[in-house]
Amino acid sequence: MHTKGPTPQQHDGSALRIGIVHARWNETIIEPLLAGTKAKLLACGVKESNIVVQSVPGSWELPIAVQRLYSASQLQTPSSGPSLSAGDLLGSSTTDLTALPTTTASSTGPFDALIAIGVLIKGETMHFEYIADSVSHGLMRVQLDTGVPVIFGVLTVLTDDQAKARAGVIEGSHNHGEDWGLAAVEMGVRRRDWAAGKTE
């Protein structure tokens, strides 16, 4: 049973665009964390098309990847006209131009929140401490520099079992990815409110 953390709040994520960057180190732990995160985003109304997932080799690369992913999203502009995939050109031709798919603002605009997911397990050297400290500070810097919430989904644990418990793969344990999904929706909604001058 999960007894720590804030009481979950209900927020409508249907208008949000969320970016996720995850490390591939400790993949057996990463996979359930990512699944839990995405499941909670979808449960909060975030559209599948508005969830963008990228991976990097390890947690060390998370800050630069999160930063550049957000920068790339700022360069995207919504299309005002028809947008066709290569398959659409032949497979689903139509003379009714109003029936053609279009790219919506929510599926191409800047992200409302970003989630960084990684797993650091302490070994015999100081490598763990250096990486954990640098990644923590790096991700904090990204969110303060961009003004976009970056959810800290990096486990810093002492043993494999601690990691498994926090990924919800041990019976009776809680998947922390669900918490990260909820936090991303809440902070994404708040960011939009702040941008609109809302303080209540």
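Along the chain as shown, residues are numbered 1 onward.
Note that Cβ sites are derived from N, Cα and C of the backbone, with glycine treated the same way.
According to Swiss-Prot, the protein has these features:
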type: ACT_SITE; residues: HIS127; note: active site, proton donor
type: BINDING; residues: TRP25, SER59, TRP60, GLU61, VAL119, LEU120, ILE121, PHE152; note: 5-amino-6-(D-ribitylamino)uracil binding site
type: BINDING; residues: GLU124, THR125, ARG166; note: (2S)-2-hydroxy-3-oxobutyl phosphate binding site
Q | GLU124 ((2S)-2-hydroxy-3-oxobutyl phosphate binding site) CB neighbourhood, other CB atoms within 10 A | A | 6
Q | GLU61 (5-amino-6-(D-ribitylamino)uracil binding site) to THR125 ((2S)-2-hydroxy-3-oxobutyl phosphate binding site) - Cα separation in whole Å | A | 20
Q) Max Cα-Cα distance in Å among TRP25, SER59, TRP60, GLU61, VAL119, LEU120, ILE121, PHE152, the residues listed as binding 5-amino-6-(D-ribitylamino)uracil? A) 16
Q | Set of same-chain residues at least 6 away whose C-beta sits under 8 angstroms from TRP25 (5-amino-6-(D-ribitylamino)uracil binding site) | A | PRO57, GLY58, SER59, GLY118, VAL119
Q) If you measure every Cα to Cα pair among GLU124, THR125, ARG166, the residues listed for (2S)-2-hydroxy-3-oxobutyl phosphate, what is the largest value in Å? A) 23
Q.
Please identify, among the recorded positions GLU124, THR125, HIS127, ARG166, the one with the smallest Cα-Cα distance to TRP60 (5-amino-6-(D-ribitylamino)uracil binding site).
A. HIS127
Q) Far apart in sequence but close in space: which same-chain residues, 6 or more away, have a Cβ under 8 Å from PHE152 (5-amino-6-(D-ribitylamino)uracil binding site)? A) ALA116, SER136, LEU139
